[in-house]
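In what follows, a structure is listed as structure tokens, so that the remarks can point back to it.
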Amino acid sequence: MLNLFVKQKSFLQTSLLRSLSSVGTKAIKFTINNKKYESNTAKTILEACRENDIYVPTICYHPMLEPVGKCRLCLVETNQGGKMVPACVTDLRDGLEITTNSPRVVNSVKSNLGLILATHNQECTSCEANGRCELQDLVYRYGVEDKFPKIFEKSHNMVDSSSPSLIRDMDKCILCNRCVQACSLLQGMDILSMTGRGVHAIPKTAFDSPIKETECINCGACSFYCPVGAIAEHSAVRRTLDVLENKNGKIVVFQTAPATRVAISEEFGMEPGDISTGKMVAAIRKLGADMVFDTNFTADLTIMEEGSELLDRVANGGTLPMFTSCCPGWINMVEKLYPEFIPNLSSCRSPQGMLGSIIKNHWAEKMGMKPEDVVVVSVMPCTAKKDEARRDELKTESGLPETDIVLTTRELGRLIKLKKISFLSLDDSEYNNPLGESTGAAVIFGNTGGVMEAALRTAYEIALKKPMPTLNYTPVRGLEGIKEAKIPFGEIELKVAVVHQASNIRKYLQKIKDGEVSHHFVEFMICKGGCIGGGGEPKSLTSDYLERRMKGIYTIDEKKTIRKSHENQAVKQIYEQFFEKPLSHKSHKLLHTHYKNRSKKK
């Protein structure tokens, strides 16, 4: 934890110093490729170039991470001594003359790319990053040939496939350090660290243990930030193809998570936040799915169960604060690192877990089928969902997994491309009902604060017999890491909090331990931004992709006719016909779960 705070302090101090240095100063005048520019704020050369649409190649740089200048691809010439400097870590100064496209700069880029290739296993045709690999794009752009001798040959013991969520092939590693930064600086987990020196350096786990044997929470941040295929989601694309093309009398049912509908479009050249729900459903049908249900349906169901559980705990002296339970990375963190908080977790399954259970244990029976005759494929923004689907608690009485296959949003994009489906030209299609009906409250599960806001819309109305003064509860919205609010709730003041990103969660849990904070209900999401920033979402090199995806989610909510979970008619129907009421015996059996202590101390 100390390591986490030191790293974050350093990163924040650098950003703060740049901000302060721009206060009250005159405009910075500079030139790029003989053209004059001005800037009123402090920034790096790379930031200045990108603001003015001037291309500078990078591969170790990502706008969400601390720049380190390691790859040396961003070297540019300046009038400061005539030497080349890394643009990502060199501050802009008044009078600076920058050249980004001289023969010297281009030759430097080509040489450095050639050296990177010399340490890189080029199994491009079978690599999970093929087609979206940053190195592949750069090599093609600069016409680089693989002319340097290979520094080492492929070593099969460099592949770690122990995790159900992630696969690591360190022969493909280019030493950019992005995975290490994502794991430590952003997530505060410190599972990976750079070991060795020079060409023998490599990101490893402690004692070189398989990922499965570490405290990794399978959030997938490392895979999201990896520019190549050294760390990737444990792909289920080929298995899904096989299921769709060789059904053998089985019914294939898909379900899609809230956050996928504002991100899948990025796989086909559209912008972050573009809403593509109908095209996504249509594409899944063209893949060969027999039914397409919406995980939003069980997001509404989650609110009914979780809201009722919260009211019961508050009224009857249950364990407080109650923690949300729909994020599997968060559940992994509690079970592995903070088992003392297991009693605080809501017993509700995640929406994926609920819908898999309903499909296999209720819907299949209604349709005259056996659970083993149905294959459930879920499309999630999250690599940890692959891990969740294997939990023993989420299996049928006969031991079958209730969710058979989990695809990330990226994998769905690859699957659509493999089948040569023209995504952008598809007409919109609708989900199958009744398990495709949902409200605006359900879709905001995709954003940090969304579960809390959806729960408040329903719990407030059920408890006080009147709607909330406003449905858009802004105190829990936005990308601030920790958000707290107080809501007048009858005879009490309901204290709530929303925390996203693993590093913020660890800080907040320490505050709870130290008695610094006290709440009734806390929402936790392991990824920055919530599900829209999940490790399985399309990779992005823009700095505002989370804000744009978040806006897309809220737009869907606002356009919905029904925006409160308890007003979903299909949810009312399934209670009347099957579950009876929230927290009933059937609900506990099929919609709730339990957790176990998986800490190393145990």
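Cβ from N, Cα, C; glycine included.
Residues annotated as domain '2Fe-2S ferredoxin-type' in TrEMBL: 26-104. Restricting the average to the domain '2Fe-2S ferredoxin-type' (26-104) gives a pLDDT of 95.
Within the chain carrying the domain '4Fe-4S His(Cys)3-ligated-type' (104-143), a Cβ under 8 angstroms from the stretch's Cβ atoms is held by residues 57, 59, 71-73, 75-77, 84, 149-152, 154, 167, 169, 171-175, 199, 226-229, 232-233, 235, 410, 414, 417, 539, all 6 or more beyond its ends. Residues annotated as domain '4Fe-4S His(Cys)3-ligated-type' in TrEMBL: 104-143.
If you look up TrEMBL, you'll see 164-194 (among others) marked as domain '4Fe-4S ferredoxin-type'. Under 8 Å from some Cβ of the domain '4Fe-4S ferredoxin-type' (164-194) lie the Cβ atoms of residues 1, 3-4, 7-8, 11, 59-60, 62, 64-66, 68, 70-71, 116, 119-121, 123, 127-128, 135, 152, 154-155, 158, 201-206, 211-212, 214-235, 383-384, 386-387, 389-390, 501-503, 505-507, 526, 528, all in the same chain and six or more residues away from its ends.
Under the heading domain '4Fe-4S ferredoxin-type', TrEMBL lists 207-236 (among others). Here the domain '4Fe-4S ferredoxin-type' (207-236) has Cβ contacts under 8 Å with residues 59-60, 62, 64-65, 120, 127-130, 133-136, 160-170, 172-174, 176, 178-179, 181-183, 186-187, 189, 191-192, 328-330, 332-333, 336-337, 382-384, 386-387, 405-408, 410-411, 502, 526-527, 534-537, 539, 600 of the same chain, all six or more residues outside its ends.
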Helix-strand-coil residue split for the domain '4Fe-4S ferredoxin-type' (207-236), DSSP-based: 10 helix, 3 strand, 17 coil
DSSP residue counts for the domain '2Fe-2S ferredoxin-type' (26-104), split into helix, strand and coil: 9 helix, 23 strand, 47 coil
